[in-house]
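This report concerns only the one structure given below.
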Amino acid sequence: MTFKNTLSYAQELDMQDPLRRYRNEFHFPKVNGKEVIYFTGNSLGLQPKRTKKYVDDVMNDWAELAVEGHFYAEKPWWDYHERLAKPLAKVVGALPEEVSVMNTLTVNLHLLMVSFYTPTAKRFKIICEEKAFPSDQYMLQSQARFHGFDPNTTIVEVKKRSGEHAWHTEDFIDKINEVGEELALVLIGGVNYYNGQVLDMEAITKAGKAVGAKVGWDLAHGVGNVELKLHDWKADFAAWCSYKYMNSGPGNASGIYVHEQYLDRKDLPRFEGWWGTKKETRFLMKPEFEPMENADAWQISNAPILSIAPYLASLELFEEVGMSALIEKRNRITAYLEFILREIDAAVDSSFEIITPKERGCQLSVFLHGEGKALFNYLMENGVITDWREPNVIRLAPAPFYCSYEDMYRFGQILKEGILSK
Ligand SMILES: *Cc1c(COP(=O)(O)O)cnc(C)c1O
């Protein structure tokens, strides 16, 4: 398909877009009285308009029913979180019983490592990607120390080849085979937050399991963005946050996935609490823990209803639209953004470089060679919300739920003016 860098062509693409009405389901911030061009859905998704009602309903039930809301609210609180499992399972390619919602992402990764990182003197190493998201690095280092290992000899990073911006799948597989019998765990960001690369999660999972390691995925940038088949890939576990592509609000609840082979088992190490024990007997307040037969066994505390209410609202939107329609639009709008970037690059004779490889979701990371922070500031002042990553990268994520093709065209014009004005 050949695109055109004109307003009328962008508007034509919008007219053909089967998801175009969903733009109106979201609140857009304004700059200079105009709705922004929002490229940071990979960091904090926009607020769906329907979310407020879900939160208000809980507030009203709390006001009117108080403690009785646990059982008599329209959506009773004691099993409110169970409503999220089915739609969320579809988003991540899991069985509903393999999915639960609780806590926040880094907390959940720590909790899952209690079950899936059980190092021995011989098998203790962890493979992750070079320059993993800082929170993941801190988590892995502190877990290694907690078990009495030196992080420097425990954590093995898979590096990019010199001068390249993306990883090669074979480099992960080679490293896994090299560490072999010493490898306890592979834990990697499935979609890299910096360069937007989608890793071959299926191949890496298979390789890790073949040498007897456990394999887990941090899907902060994967969930709601790319096709996931956690169950079919036989990943051991995964966790993700809900506030990026899942549009569930700042710092909101995380989701977890645990493969069905680990469900309904008492022999796994796990940090436990009353919300993970069988609900039939939970309120008998017995001393003995009976794990729920699904991933809810990892729940510790009673669920934070006010924060999972927005997650439920968002999942309703995902359920309505479906991942395949989102991915179809994602491919097209990201290709159009790439086209616009190349057009502007040629027009201004500037030199920026898209460092995202072709294995990608909706994010394009752009390395600004000559340009820098001043251009980024110009974009922000002119209603383009993007983000800056040191040393010289802006990340552009046209979330397919609410970004339009016209946004991409207008962005190109602002980018061009920004470069030419300096
Ligand atoms: C966003 C993100 C996080 C954030 O972790 P929180 O515990 O939710 O603060 C962690 N890891 C990755 C890879 C991320 O992209």
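Every residue gets a Cβ built from N, Cα and C, even glycine.
Note that the coordinates shown come from a computational prediction; the quantities given were computed from them, not determined experimentally.
Some features that TrEMBL has for this protein:
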BINDING   Leu105, Thr106, Phe133, Pro134, Ser135, Asp136, Asp218, His221, Tyr243, Trp274, Asn302  pyridoxal 5'-phosphate binding site
MOD_RES   Lys244  N6-(pyridoxal phosphate)lysine
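Filtering Leu105, Ser135, Asn302 by Cβ distance to ligand 1 (under 6 A) retains the following binding-site residues: Leu105, Ser135. Comparing Cβ neighbour counts within 10 Å across the binding-site residues Phe133, Tyr243, the minimum falls on Phe133. In this structure, the CA atom of Lys244 (N6-(pyridoxal phosphate)lysine) is 12 Å away from the CA atom of Leu105 (pyridoxal 5'-phosphate binding site).
According to DSSP, the residue listed as 'N6-(pyridoxal phosphate)lysine' is assigned to coil rather than to any helix or strand. Other Cβ atoms within 10 Å of the Cβ of Leu105 (pyridoxal 5'-phosphate binding site) number 26 in total over all chains. Contacts of Ser135 (pyridoxal 5'-phosphate binding site) defined by a Cβ separation under 8 A and a same-chain sequence distance of 6+ are given as Leu105, Thr106, in order along the sequence. Secondary structure at Asp218 (pyridoxal 5'-phosphate binding site), taken from DSSP and collapsed to helix, strand or coil, is strand.
Note: Asp218 (pyridoxal 5'-phosphate binding site) has non-local neighbours Leu105, Leu109, Ala132, Phe133, Asp136, Leu187, Ile188, Gly189, Gly190, Ala238, Ala239, Trp240, i.e. same-chain residues 6+ apart with C-beta under 8 A of its own C-beta. Comparing the recorded positions Lys244, Asn302 by how many other C-beta atoms lie within 10 angstroms of each C-beta, the top residue is Lys244.
Counted over all residue pairs in Leu105, Thr106, Phe133, Pro134, Ser135, Asp136, Asp218, His221, Tyr243, Trp274, Asn302, the record's binders of pyridoxal 5'-phosphate, the longest Cα to Cα distance measures 32 angstrom.
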